[in-house]
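For reference, the structure is listed below as C-alpha cells.
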Amino acid sequence: MACCLASCCASATCGLCSSVASGITRKSARIAYCGLFGASLVVSWILRETGAPLLEKLPWINTSDSYTKEWYQQQAVLRVSFGNFLFFAIYALIMIGVKDQNDRRDSWHHGGWGLKMIAWFLLVVLMFFVPNVIVSIYGTLSKFGAGAFLLVQVVLLLDATHNWNDSWVEKDEKKWYIALLVISIVCYIATYAFSGILFIWFNPSGQDCGLNVFFIVVPMILAFVFAIIALHPAVNGSLLPASVISVYCAYVCYTGLSSEPHDYVCNGLNKSKAVNASTLILGMLTTVLSVLYSALRAGSSTTFLSPPSSPRSGVKDSLLEDPEDGKKKSGEAEARPVSYSYSFFHIIFALASMYAAMLLSGWTDSSESATLIDVGWTSVWVKICTGWVTAGLYIWTLIAPLILPDREFY
C-alpha cells in the first residue's frame, strides 16, 4: 500500500512534469532540474505525513515490533531522498568530462525530459523495495552529505559578498561608497540587535542556560573580530563582507537555538503546531531557493570546479537563460566550450537531496516528536558549527594573502 501511495504521489508529479517536458529548452533546463528537486520535496512531505501507517504493512520494511511512527516517517523521507540522490548522482557520473557542446552528453543534460521523469519516478518507487539496512546506511551518509551541502552554501556566500563589494567599489563613485558604509552599519546594528533578542528568547530568567549564552556571545565576538581584521591596513579589506557575514552568523545561531528540543527549559520559543508548520514551509522554501542559487552559480563560479576548456571570465549567467544557447545561435561551426560543470551541477542537487532528507527527518533523531521539524541536538550542533566554519573561512579569506603571499587568490 505504501508503494502504491508513493507511486501515486510520484506519478502525479511526474505526469505534471511530463506534460511540460516538451516545452523545456536549453534556456529553462536548469530551472527544470530545480523544479524536479522541488517535486521530490513535496513527495517527501506528503509521505512523511501520510505514509507511516502504510509502510507498517510492508513486511520487508516492518521487520520489528519496536519501530515507532517516527521511524516509519523517517523511512518514507529517506527512501524518496535516496531515489532523488541516485538520479542526480548517476547524472553527475555520466557528465564527467563534458568539455564542449559537440559532446553527445550535452544534449542528455539539456533534453530528454520525458525519459528523465520516468527514470526519476522508477528510482523513487524502487527505493521502497530496498532493505532497511541499505536505507540506514544512506541515512548515516546523508548527515555528511548535508554537511557538505551547507559548506557549499558558506563558500558561495563568501564569494557573493566579495563580488558584491568589488562590483560597487569598481564604480568608484561617492554614492556607492556611501551605500557600502550605510549597508555595513545597518548590518552590524541588526547583528547586535538580533543577538539581544536571542538573549531574551533563549536565556530565560531563573534558568541556567550557559550553553545558549555561549552560542549567542560567540557570533557577537566574531562580528567585532571581522571588522578589526577587515579594516587592518595590512589586510586592506572592506566592512561590507564583514557585516554581511556577521548577520549570517547571527542568523545561523538563531536557527541552531530554535532547533533545541521542545522540552528544553532554555528554549523560549513556542513550539506550537502552527509554528512547526510555518517552520517546515520556510525550511523547504529556503532549501529550494538555496539549491537554486547553488546549482545555477556553483558550477560556473571560479570558486568551484569548472571544465578545463571553460573560460574563467566570471561572466554572470541569467537564472533562466543558458549561456550556451546564444553561442549556438551565432552560427559558428567550431565547438563551443560549456560554461559550467555539468557534473558538479548535479552533485549539488545530490547533496541537497541529502540535506532535505535531514531537514524533514530531524537529522534522523527519533527522540523528538514527529510533529516537530528539524528539531534535536544533532541539528543544533550542525547549525552552530556551520556558523563557526563560516567565520573561520571568512577570516581565512582575509589573512590568506598575508600568510601565502606567493599564491594568487581569486
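The backbone N, Cα and C atoms fix where each Cβ goes, and this holds for glycine too.
Just so you know, TrEMBL annotations are computer predictions that nobody has curated.
These features come from TrEMBL:
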type     : residues : note
TRANSMEM : 76-98    : transmembrane segment
TRANSMEM : 118-137  : transmembrane segment
TRANSMEM : 176-202  : transmembrane segment
TRANSMEM : 209-232  : transmembrane segment
TRANSMEM : 238-257  : transmembrane segment
TRANSMEM : 277-296  : transmembrane segment
COMPBIAS : 301-313  : compositional bias 'Low complexity'
REGION   : 301-332  : region 'Disordered'
COMPBIAS : 314-332  : compositional bias 'Basic and acidic residues'
TRANSMEM : 340-360  : transmembrane segment
TRANSMEM : 380-404  : transmembrane segment
**Report entry** the transmembrane segment (76-98) touching the transmembrane segment (340-360) per 3+ Cβ pairs under 8 Å rule
**Finding:** yes
Query - Annotated stretches the transmembrane segment (176-202) and the transmembrane segment (238-257) touching (3 or more Cβ pairs under 8 Å) - result: yes
Query raised in the report: Restricting to the same chain and to residues at least six past its boundaries, which positions have a Cβ under 8 Å from a Cβ of the transmembrane segment (238-257)?
Result: 157-158, 161-162, 164-165, 168-169, 180-181, 183-188, 190-191, 194-195, 198, 201-202, 212, 215-216, 218-220, 222-223, 226-227, 229-231, 267, 379-384, 386-387, 390-391, 394
